[in-house]
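Structure record follows, encoded as structure tokens.
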Amino acid sequence: MKKIMMIGYGAMAREVLSRLPDGVSVGWILARAAHHAAIDSAFGGQVQALTHPDQCTEQPDLVLECASQQAVAEFGEAVVTRGWPLAVISTGALADAALQQRLQQACRQHQGQLIVLSGAVAGMDGLASAREGGLDSVTYQACKSPASWRGSMAEQLIDLDAVSEAQVFFEGSAREAARLFPANANVAATIALNGLGMDATRVRLLVDPATRRNTHRLQVCGNFGEFQIELSGNPLASNPKTSTLAALSAVQACRRLVDGGFIA
């Protein structure tokens, strides 16, 4: 039986926990103290609720972050300096170049592992392969409903209540998108990490009142040729900012743990 530590206890974390494959159990959940009573109740005291990785006296087989960019920044180094493998869904945290460098250095020094999950997008294996031959351009476009953009910087850039058709409200780099939209733009960061990097990856964000799905379009050109991917995914019912596929990518990470581990 493989035992994981979960960072987070929000909508995505709970979705992942409800879908853990056979052979994987959760031993620890790192979350704010306000969630600890709910964790104890949900798991009958069989799962240890933590506020910091230091409180874990055993070694998890995998630490799975399903919380936020802030959680990656706050706890990531503490995890990898213990030599624990850390899988992150909030990849936008790595738009902070200093944080990314610290995490990579800690992994080298302490035999840790930083695993970038694919999240809500497909084709990252092909993108990373294409990078080996040289990339000319990588462009990512995300289109979501007004509900998916509420509570984000989008509210300062466009009137979400008045929009009547699909409209672009942001164009810029993946680094800018990850910084301005920390709960919405992890896909942009994931694409950047597998492709041209945070500054050269171009991002366009749209709102469409007619859609109920999160649509991701990726266009890649390079010496290999070119490819385009379009993925129209359902958001989590419990959190419209989060794509169901992102949660499933975390579940699949757990399955890989059982089936023979990760290829980094």
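The backbone N, Cα and C atoms fix where each Cβ goes, glycine too.
Note that the structure is predicted; figures quoted are calculated from it, not measured.
Annotated in Swiss-Prot:
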| type | residues | note |
| --- | --- | --- |
| BINDING | Ala120, Asn186 | NAD(+) binding site |
| ACT_SITE | His216 | active site |
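Feature annotations (Swiss-Prot) mapped to structure.
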residue	record	Cβ within 10 Å
Ala120	NAD(+) binding site	23
Asn186	NAD(+) binding site	29
His216	active site	25
Whole-number Å value for how far His216 (active site) lies from Ala120 (NAD(+) binding site) (Cα to Cα): 8
Rounded to the nearest Å - Cα separation of Asn186 (NAD(+) binding site) and His216 (active site): 12
Per DSSP, three-state class assigned to Asn186 (NAD(+) binding site): helix
